[in-house]
Amino acid sequence: MMGDNPSSFTSLTDSKLYDQISPGRRRVDGPLASSSTTSPSLRKSPLRTFNTPRSPQKPITIFDQVVTWFNAEIEVRKRLAGLVCGYFATLSYIITVSLLKITLWAPFSSVRDSLTWWIYPSSWLSIIFIQVISSAISFSHIQQFFKVTQLHRIPITDVHGWAGASLEFVHRLIFLYTAFTVSDCSFRKDFGWIAISFSAAISSAIVIFRSDFHLRFSEIQVTSLKTLIAFTKSLPIDHLFETCGFEAAMSFFSGMALILLIGPVVWGFSAWWLIISVPFTIILFGVNFIQHATAKIFVKTVNQIVMKPMAFPFPPSYSVHSPTPEQTRTLPKVIETADPLLRIFALYDLRTIAWTDTARRAEVFSLSQPGKHPRNWKSVSTPCVNMLDELRSKMTVAAARLVGYTWDDHDAESEAVPPREALMMPRKMREMTYRGAGQSRQQRNIAPIRTLNTQTIGILGKISRFIGHTTEKLVISRYDAQMNAYAAEALYMLVVDSLEEDRYGVVQKDLVDLIILLCKLITAIDTYERAKAVITLCIFIIVRMVNDQVAEDETTKKKLRGFE
């Protein structure tokens, strides 16, 4: 299925099979031509030294300059996002101190102090300190975790994840200790501080390993107060509060468990009074809830700032001998770049052109001068077609891996029976249909996939399946799925808009090929979904039969015991 695995294939065999299934996307890496010069033989002399020839440096191309410019722009955005997240952390610090200053035994006398403490200059030093350290740690998290190819959840075995959790824990300790010191909280001096620190450690690990740091475009871009209100209304507030409450409850109960189990050993049985202390329980749950709410705001803010869409121009219809740097950052150049973040920015811009930007969409349907060639259309449609063709091949390989094909999956030389029809055949009929010359080349490559699917699972694999820590093998990553979605939407809308805006018929010439490709892609996805449904149904039936057999054995044993 489509998912979060950054690698597109689950084995080297699948990659080789994919290269044969999609002949249009094969890369032919020819041998590099090398020239050697001969020189007369030199006498060996102890005074003579020979310098090893240096490998020639790769020249800097226009593509490298565009990537360098883009990375510089993204770096500026990340720094801005770190400052803004530090500002929100400072606001949460002010709110935390204000809540800590409110006393349940004297609420009215403490309200004034809780609302005005931050106005006095004596409190500004702690606020500035929290602002600086929060901005620095936020920027560190952005650099480390926020990627366009990030997994949905950071694995629990990731060393960098634990380093980030440790850094977050240190930040949280400084945050809480400063807040407790400024508010003169009494729980800073007894076992309550140990419980709060332990709860902060659990909360920091939850923030790192349960947050989705995947960079994505927001549906509503905040550019004014009106869009900010619309963005706030679009957020699932109920779901966010529910998630923050659940995660805060996990940290809260971990702190309570520490008090109940470790408190009497370290502090004596007097530590148990914290369990029934209403102010302590409110403070313990409140500081954890604020931390998780700040983490959710942190993720939303970074996506809003870093993933602000960019508009890339098209090259002019005439040739330019000395283009400016701005003229080199065109959409046809960036759409095929190797940088994953720049590429998804380019595809999102192409999708925007296809849906809303009428002025730039006219340039897609224009012809070059001189020559009258549809260069803009070819330069943006070809990468999209190649990506969709890759997706079709991957889905076909995935369907073959699910059912363990023994037939020629997608032979480029012979397509007598489509893959979908062959998949629905019984196994014996499929073997009879594809028993011949068509098996000679591709069936040998499919055989390792079938062997991998039917191999005996080791004891470690059985234990991991029993525990539930299995890593699902995925067809394409979340990043590839998003890119293919943008490419499909862009091609679809450009074809629709070409019916009225394409004056030269540049799209109509490729319309048949586009329709065939999309139909093949739909067929491949449908074939994979059917194969997955069949496998799921078979597993359900097997589990049901095993459960029935176990229940029958238990009934038989009870009857035998009754006879005895």
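Cβ coordinates are placed from backbone N, Cα and C, and glycine is handled just like the others.
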Annotated stretch (transmembrane segment, per TrEMBL) among the listed ranges 191-209, 533-551: 191-209
Remote residues contacting the transmembrane segment (191-209) - C-beta distance under 8 A, at least 6 residues beyond either end: 145, 153-154, 156, 161, 164-166, 168-169, 172-173, 176, 180, 247-248, 250-252, 254-256, 258-259, 263, 266-267, 271, 274, 280, 283-284, 287-288, 291-292, 295
Annotated stretches the transmembrane segment (80-106) and the transmembrane segment (244-265) touching (3 or more Cβ pairs under 8 Å): no
